[in-house]
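Report on the following structure.
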Amino acid sequence: MAENGSKRMKLDDEQAGIVNNGVNLIIKSNEDGEEMVFVSVKRNVKIKKLLRGYCRHASLDYRSTRFVIDHRYFSHDKTPNQLGLEDDDQIDALTDGNGA
């Protein structure tokens, strides 16, 4: 783990479709305030696949975790391309008790 609490989450291809030509994203959990997870995902895979994999990794319940990009909720059935995500964009993971 890096000094600032960040770490890389390792998902297999089935969990998140990790590829070299994907989009690199940051998922920040507001539960502990410091942890940032860096992931790479295919641009044409539904973001739901990534979010479910993140919840498994972080031991969170997907159904009770809310995700926002730039303080806005978004459809989990869309792809990073459809959401207009670019490298180093951040997704915030909110759980009950911290704004969800």
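Every residue gets a Cβ built from N, Cα and C, even glycine.
Features as listed in TrEMBL:
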- 24-94: domain 'Rad60/SUMO-like' (DOMAIN)
- 79-100: region 'Disordered' (REGION)
- On the 0 to 100 scale, where does the mean pLDDT of the domain 'Rad60/SUMO-like' (24-94) fall? 92
- Note on the structure: Secondary structure of the domain 'Rad60/SUMO-like' (24-94) by DSSP, residue by residue, totals 19 helix, 24 strand, 28 coil
